[in-house]
Structures are given as C-alpha cells and as structure tokens.
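> The structure that follows is given in the form of structure tokens.
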C-alpha cells in the first residue's frame with residue numbers, strides 16, 4: 001500500500017463551515033483511489049471556517065501523475081445539508097510530488113465535483129466540466145449600507161420643502177464631509193473649478209451652437225478660429241439627453257437639459273468655460289450664457305450643466321460602462337470558460353461581487369421604488385431612453401483609454417490627472433496581461449483554436465453589444481495581440497475605470513449645488529431675470545437633496561472587504577512563471593502608487609481615485 005497525504009483548506013468567508021461528511025477520490029494517469037471519507041483527528045471541526053486539516057488516502061499502488069480530484073459531501077441525519085466554501089486541496093504523492101487543486105467555490109449539494117490540478121490548461125487540453133457556485137452571503141449585508149441612518153439625516157429624508165437659504169444646505173453637508181467635499185463647497189462657483197467630464201477637442205463649432213468671437217473674446221484679443229487651430233478650444237455636448245422625459249418628484253415636474261459648453265485653454269494653462277447653451281436648438285428663448293453675464297445668469301447656467309453631467313455620468317459612464325459591462329464579461333466567463341482555463345484564472349478576481357452588487361443596484365437604486373428612479377431628474381422613463389441611446393453610442397475604442405484620449409483630442413488638456421494616471425495603469429495592466437497570456441498562447445493559431453475563448457468573446461458581442469459590428473467589439477479573436485488588448489480593457493474597466501467614476505462621487509456631489517441630482521425650475525429664457533432666490537427655487541427639495549447625498553456617500557464608501565488592484569488572495573495560478581509575472585505586476589502598481597501619492601502632496605485638490613492602492617480589483621460597490 002502507498003499513502004497520499006491530503007491537506008484541505010476551508011475558506012475564511014462568512015459561513016464557510018460544513019458539518020457534513022466530506023469524501024475525496026484521487027485520479028491519476030495510472031489509476032484512481034477509492035472514494036475516501038476524510039475523517040481526521042479534528043472530527044467535526046475538520047472543515048470549520050479557516051481550518052487546515054490533514055488526512056491520508058491509501059492506494060494499492062501509485063496513481064502516477066495526479067490529474068484531478070473528486071469532492072463530495074453528504075449530510076448526516078442530525079445535520080441538514082449546508083454550504084461549504086473550500087479554498088484549495090493539496091496532495092503529496094508517495095514520490096514526494098505536491099499537487100495543488102484550487103477550489104475557491106461553494107459546494108452546496110451532495111453531487112460529485114471534479115477539480116483539475118492548478119496548472120492552467122486551455123480547453124483543448126481539458127475535457128472536464130467544473131461546477132461554479134455563488135453565494136448571496138458574499139454580499140455581507142451590503143443592503144444595510146443603503147440606510148439613511150448612516151448620514152444621520154433622519155427627519156430630512158421626508159421634508160418636501162424647498163431650500164430657503166444656502167447655509168441650510170451647508171448644515172446638511174456637515175453631517176458627512178471629506179477634505180475634497182469641503183474644498184468643493186468653498187470653490188464651486190469658480191470657473192476654474194468647473195469640470196464637466198465629457199470634454200473633447202473642438203476643431204469646428206457645431207452648427208447648432210452659434211457662438212461668435214464678440215461673445216467670448218469681447219476685447220478682440222484672439223479669435224475662435226485661431227484658438228481652434230492652436231488646439232485651445234474644447235467642447236462638451238450633452239446631445240444624448242436631448243428630448244429625454246424628465247422625472248416628476250414630489251408631484252412636481254423636473255427639468256433636465258441637453259447643454260452645449262465651450263471651454264478655452266487660456267494663456268495661464270487653465271481650462272475655462274466661455275459659453276453655455278442649455279438646449280440643443282438655437283432660438284431667441286435659448287440664450288448663450290457667458291461669463292460676462294450677471295452672476296446668477298452664469299451660475300445657474302453652470303448648475304444646469306452640472307446636473308446634466310451628473311445624470312449622464314450615472315447612467316452612461318458609471319452604470320452602463322462599468323457595472324453592466326462588468327456583468328456581461330462575468331456572465332460570459334461563467335457560461336463559457338472552465339475554471340482551469342488561464343482566462344478564467346486571470347479574470348475571476350476581477351468579477352468578485354459584481355453580480356451581487358448589480359442585483360442590489362437593480363433593486364435599491366433603479367427599480368420602481370429605487371433611490372435613483374424616485375429622486376433623479378432622469379429617473380423613470382428617461383432612464384431607459386438614456387441607457388438605450390448610450391448602448392447605441394458605445395464603442396470598443398471608447399473603452400480603451402489610450403484610444404479614447406486620442407479620439408477626444410485631450411492629450412494636451414492641462415492638469416488632467418484621470419488621463420495621466422489612467423494611461424499609466426492601463427500600460428501596467430497591459431504588460432501583466434501580455435506576460436500571462438503570452439505564457440499560455442505561443443501563437444495566433446492557438447488563440448484561434450481555443451473554442452472556449454471564442455465562445456466567450458462571441459457571447460459578449462451578441463449579448464453585451466447586441467451583435468452591432470459598428471461598435472468595433474471583436475466577434476472572434478484572431479491573434480494573441482488582439483486577445484491581450486481586449487482582456488486589458490476588461491480588467492481596466494472592472495477596476496481602474498470603475499474606481500475613477502465611482503470613488504469621487506461624494507467628494508464632488510456631496511455639496512449638492514455643485515452637482516444637483518435634479519432641478520425643478522426650467523432654465524431662464526432670457527438674461528437678467530435670475531437671482532439667488534431663483535437659484536434656491538431651482539434646486540431640488542430638501543428630501544431629494546438628502547436622498548441624493550446619502551446615495552453618493554454610500555456608493556463612494558470603500559467596501560469593508562476591499563481587495564486592491566493586483567492582489568489575488570485566491571491562488572489560482574500555481575506555476576512558477578505566472579506567479580513571478582503576478583509579483584512583477586504588483587511591484588509596478590506599488591511604484592505607481594508612490595508616484596501618485598508624491599504628486600498629490602503638491603496639489604490643492606489631490607487626485608487619488610486611480611492610485612492602485614485604493615482601486616478595487618472588481619466592481620464590488
């Protein structure tokens with residue numbers, strides 16, 4: 001008889017323990033063991049949370065090289081069937097070889113489950129289907145986080161009155177604040193602080209935005225034509241919001257504009273707004289607002305832009321382009337790619353909690369009774385219009401930050417830290433993916449012949465991008481290079497891009513006047529008719545403000561079980577070279593984190609959101 005030494009690692013997740021009997025079978029190239037009950041000295045505590053338990057499996061002769069194990073568990077009469085989260089199993093053979101079998105799955109039934117050795121195998125090397133499990137417990141009661149009690153705003157969440165003065169809004173902000181939200185509160189009126197997201201280089205004025213030199217350069221110091229040639233004029237166009245039906249909140253019609261904004265990079269290297277038109281169609285009752293207008297004409301115009309920016313940001317930039325796309329990538333991975341596949345091992349950590357957090361978002365934010373549906377100007381019918389239009393305008397290149405920056409012509413925008421940090425993070429991820437996939441795929445032909453890989457991308461093309469070839473999303477992978485770029489985009493989208501568009505929400509929207517969730521008066525139709533009272537009457541009601549603040553606070557809050565970019569607590573890769581590539585990846589991220597922190601020390605408003613140390617590995621909040 002020969003003996004195999006088996007070590008079983010139970011995970012440390014909530015409720016990982018099983019009190020059921022656990023059985024194992026070892027399968028090798030020269031035979032297989034009997035199904036063996038794993039009964040050790042620890043007895044019933046062998047498989048409690050965090051346990052590392054050792055067992056022996058006896059066989060008449062050596063099984064050769066181990067290729068897989070079979071695990072199953074059976075309930076006892078006095079103990080109902082439970083769910084067990086097994087992290088991994090290690091087996092030491094009589095010859096002294098050690099085999100590692102990554103599990104990292106819930107086993108919740110009494111069926112037999114098969115797991116391959118940890119060396120990543122492509123599908124044409126592996127014929128065993130592997131089960132996949134998810135547990136709602138992994139949410140760790142995230143629903144509790146959506147309660148308003150955290151903001152200590154009880155009593156205000158049902159107050160349907162208008163704000164009577166700006167100081168009252170400030171008292172609400174004081175319930176929760178950050179260093180940046182305080183800075184925003186102090187500087188939100190300043191043109192230099194006006195920072196809409198959808199900026200692009202303007203080389204010719206849109207025909208529906210009739211700005212003249214006299215409007216924006218009244219002293220004749222330069223001309224629009226000359227400044228456009230120099231690359232100093234930029235445009236924000238919210239045409240995607242044109243004609244969207246605005247919400248009704250507290251029984252009152254709300255207003256959502258589709259503005260056009262012109263910005264100028266001045267001689268001091270500051271990007272300044274110089275013209276705002278709040279509706280797409282030029283007319284006498286749709287004036288072009290200018291910095292030379294009265295204080296409140298210009299301020300209210302900027303407020304309408306910031307509210308439009310908030311609504312497009314939440315639905316297009318945040319919900320669609322990170323949360324929903326991450327779900328598409330994750331579902332296709334689970335449908336088509338087995339656990340032993342290198343792509344699965346590479347992407348699985350970047351899908352952690354995504355399905356669960358999106359389930360909560362659908363129920364608590366965008367359902368009929370959700371916070372966004374009830375309290376955002378784009379909630380309800382408008383939300384579906386915006387999402388449909390956003391899907392229609394989605395392109396592959398816009399998801400890849402090097403391509404996106406080039407297409408928008410914003411390479412030279414000053415102090416654009418999203419661009420600077422994002423490009424560096426993209427490059428580091430790209431080198432990591434290149435190393436990993438280059439290790440497993442030595443030729444384009446190997447990519448073309450990997451049927452599971454091809455199923456994964458086709459599923460994404462058909463169900464995520466609705467089979468629209470004009471999006472530029474590949475339907476198949478024909479080369480290693482093409483595969484590397486797409487997987488880089490997936491990891492970047494699920495980590496750095498989500499952090500960039502999510503983590504700063506309270507910083508910039510916590511002070512409601514800077515980013516109103518909704519507005520309840522129409523914009524002025526002629527100049528010289530506004531005042532502070534007009535602005536206060538335009539702002540959302542007290543309860544709408546409070547609900548919006550609570551939502552962005554909780555969305556911006558780091559999760560209690562946060563895992564930073566590049567950290568892989570579950571050891572899916574067991575080979576030496578991939579493990580070294582992973583360590584190099586982590587080292588590069590650590591260096592970049594130090595560079596970003598050093599830069600931020602010298603900024604009035606530090607840009608922290610793309611610091612790898614605070615970027616979450618997946619869309620998990």
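Cβ coordinates are placed from backbone N, Cα and C, and glycine is handled just like the others.
What you are looking at is a predicted structure, and each value in this text was computed from that prediction instead of being measured.
Sharing the record's features from TrEMBL:
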{"type": "BINDING", "residues": "82, 83", "note": "Ca(2+) binding site"}
{"type": "BINDING", "residues": "318, 323, 498, 621", "note": "Fe cation binding site"}
{"type": "DOMAIN", "residues": "2-121", "note": "domain 'PLAT'"}
{"type": "DOMAIN", "residues": "195-621", "note": "domain 'Lipoxygenase'"}
{"type": "SITE", "residues": "106", "note": "site 'Essential for stabilizing binding to COTL1'"}
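Provide an account of the burial state, proximal residues and distances for the features listed.
Over all protein chains present, the Cβ of residue 83 (Ca(2+) binding site) has 17 other Cβ atoms lying within 10 Å.
Here residue 318 (Fe cation binding site) comes close to 501, 502: these same-chain residues lie at least six apart in sequence, with C-beta atoms under 8 angstroms from its C-beta.
All protein chains shown were included, and the count of other CB atoms within 10 Å of the CB of residue 106 (site 'Essential for stabilizing binding to COTL1') stands at 22.
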> Sequence order is fine: just name those recorded positions in 106, 323, 498 with a Cα within 10 angstroms of residue 83 (Ca(2+) binding site).
106
> What are the non-local neighbours of residue 323 (Fe cation binding site), defined as same-chain residues 6+ apart in sequence with CB under 8 A from its CB?
354, 357, 358, 361, 498, 619
> Can you name the residues of this chain that are 6 or more positions from residue 82 (Ca(2+) binding site) yet have a C-beta less than 8 Å from its C-beta?
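The answer is 17, 18, 19, 20, 75, 108.
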> Hey, which of the binding-site residues 498, 621 is the loneliest by Cβ count within 10 Å?
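The binding-site residues 498, 621 were compared, and 621 has the fewest Cβ atoms within 10 Å.
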> Residues near the Fe cation site, 318, 323, 498, 621 excluded, by Cβ within 8 Å of the Cβ center?
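Nearby residues not in the site list: 319, 322, 326, 357, 501, 502, 555, 619.
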> Going by DSSP assignments with H, G and I as helix and E and B as strand, what are the residue counts for the domain 'PLAT' (2-121)?
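Result for the domain 'PLAT' (2-121), in helix, strand, coil order: 3 helix, 63 strand, 54 coil.
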